[in-house]
Amino acid sequence: MVVSDAPNGGGSSSPPLVVEQTNTLGITKPISLAGPTDADLHRNAELEKFLLDSGLYESNEEAATRREVLQRLDQTVKSWVKQLTRQRGYTDQMVEDANAVIFTFGSYRLGVHGPGADIDTLCVGPSYVNREEDFFIILHNILAEMEEVTELQPVPDAHVPVMKFKFQGISIDLLYASISLLVVPEDLDISHGSVLYDVDEPTVRSLNGCRVADQILKLVPNVEHFRTTLRCLKFWAKRRGVYSNVTGFLGGVNWALLVARICQLYPNAIPSMLVSRFFRVYTQWRWPNPVMLCTIEENELGFPVWDPRRNPRDRYHIMPIITPAYPCMNSSYNVSASTLRVMKEQFRYGNKICDEIELSKAQWSALFQPYFFFEAYKNYLQVDILAADTDDLLAWKGWVESRLRQLTLKIERDTNGMLQCHPYPHEYADTSRHCAHSAFFMGLQRKEGEKGQEGQQFDIRGTVDEFRQEINMYMYWKPGMEIFVSHVRRKQLPLFVFPDGYKRNRMSRHISHSAEKMGEDAAKSNLGSSERSVKRKNDHEMLDEKLGKPEKRASISPQRLVCVSPESCSSQMSIDGTKGVRLAKNAGTKCEIKSSNGLLENGISTEGAYVHLSETGGVHPKNDSQNSRCSEVQNENGVDRNKAGEMDLDCLESAETASSKSLSNCKESAVDMDQRLDNTHNFQRTEYSDYVPTASSQALNCEGDDDCVAHPDQF
């Protein structure tokens, strides 16, 4: 059994040994070989203390429990394989030699897991033990009978088939790979290409997690610095709401690859420096230029690798982050235009805070301030998922969540990218319901920089109906499994999405977000925030008075569509600010409209119920009495859209793209490059038609004070 050698405590703050790199890691030479200054060492000690105080490291007791669980799991799969070998009539010697091996990958293998994190595991078995029956049926039944195992959930239809469960309270994701060997050696080298002989693509994908983790650790100059930096940035991504592969953001392996590339570019930097350089580089990165730790190589096995020249599907990847192990794949194919926009905003936010930290104007805690998603938009889509009990909800929610990204893509497609979605990766639950419930939310706004006509409408009823139909094709559907998609205004958000069960004061919200406004000084930001808050309050009072409301209404939930079964509901949807979801009941259906208080409402009309955008760019319901008062949807929580400061990475991206175009005007030396922040940064956008992912890929040589020159044959 292979177990991670991850440390359980905080990293050492002792000064690192700075050496000249004799072996270049990555497809280009480093940007800077500079080591830390005394100020860097001080900031690094503060960062490590902050991570430790934030509870990101597990205790020795939990680490021991994980090791015990892995040993028990290893014994279980070994016994399972021996049992199958005996049942199939193999000799006694074969039964004695029969073996299966457990490998770890993901955060546990990389050494960046925290308390309560799951363990990604892979079981490698012999050629005569298959996945479909032996793993998902026989082993599943063995695990189901064990008292230590709970919440057992097989997912055989996933892109990477997996069995999820808890073993003594530790969450386990277990994959299976059957390799072309009759006996699996205990010391199997999974990084060797021979394990890929005569296996199918699902097996390749299952093996790839372990192979990628091992390659990452081999391709970074300092493993401990890499681990601390990755632990820090994963924590940041979760706080800022951009950590979720299934939702269309980035998952653990994606963040690991991005951090590893920064470690290659700054091989002598310590974690505090690497965090700052991370945001500095990726704030200016010109996607879809790919991030790669090594060159993409072919192999005689013939598995497809990421290559936009030959694979048309690869040309549509907008944020390619390429895995370093054969077959090299794009690990971030789930990213959409909307989620990339959100991540770029957060990169700019992180870059701005890190600049302030280096100037001693901010502390590390400022970087990890949570993103107040429910204060960032004025319009949201609410996706409610219901089931009869918690077990059904677990399976049903997993299916719906894995398809939520499709709703974002469909809205982008059907509105030509004019209506932007911000899916939020956190789930919420209304505990006051009598049935099992989970909810996800998406922020809505018009595409920035685009001027629409006054009264422009977005009708997404057909889009949502198409999404619902695909969801209801779930082959394991049971009565009680329902999904509802509603439009809610910010003032209508249900209280269960707020941590303390109530909404924050609007004035405090503006003050807290003033630190995130880029390009403005603190005094100006606070003054402007206060003025906007007063103005909006007056606007709401005037609007309430005009509509004859004695007082502002409490937050209400949108109307619900109550259905006997998913098949019985084939309703259309559009956004309306006063009624939530407008639904047209088809003849013969058994649908009822219920408001949040449970009272039936009749005569629901779809007339005029479209998404209405004002000339200023806001998303509004069509309501003639309010059109003149609708204001622009603003991102009141995130960063502004001003361009980030120029930086000196003149020599980086053109080499990273491996384009055949030549580079010029690179004047800065490798060491000085990282210290001068006011130089112009000239990127060249990748043209996929010119991309050459082979050993002849263009590299860049920056030495001393010489110009930066592209050398096609450097590698």
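Numbering starts at 1 and runs along the chain as it is shown here.
In case you wondered, yes, glycine gets a Cβ from its N, Cα and C as well.
Database features (TrEMBL):
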- 514-523: compositional bias 'Basic and acidic residues' (COMPBIAS)
- 532-554: compositional bias 'Basic and acidic residues' (COMPBIAS)
- 624-637: compositional bias 'Polar residues' (COMPBIAS)
- 26-220: domain 'Poly(A) polymerase nucleotidyltransferase' (DOMAIN)
- 225-369: domain 'Poly(A) polymerase central' (DOMAIN)
- 373-432: domain 'Poly(A) polymerase RNA-binding' (DOMAIN)
- 514-554: region 'Disordered' (REGION)
- 615-637: region 'Disordered' (REGION)
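Per-residue pLDDT, averaged over the domain 'Poly(A) polymerase nucleotidyltransferase' (26-220), rounds to 94. Using DSSP to sort the residues of the domain 'Poly(A) polymerase central' (225-369) gives these counts of helix, strand and coil: 73 helix, 6 strand, 66 coil.
Under DSSP, the residues of the domain 'Poly(A) polymerase RNA-binding' (373-432) split into helix, strand and coil as follows: 28 helix, 15 strand, 17 coil.
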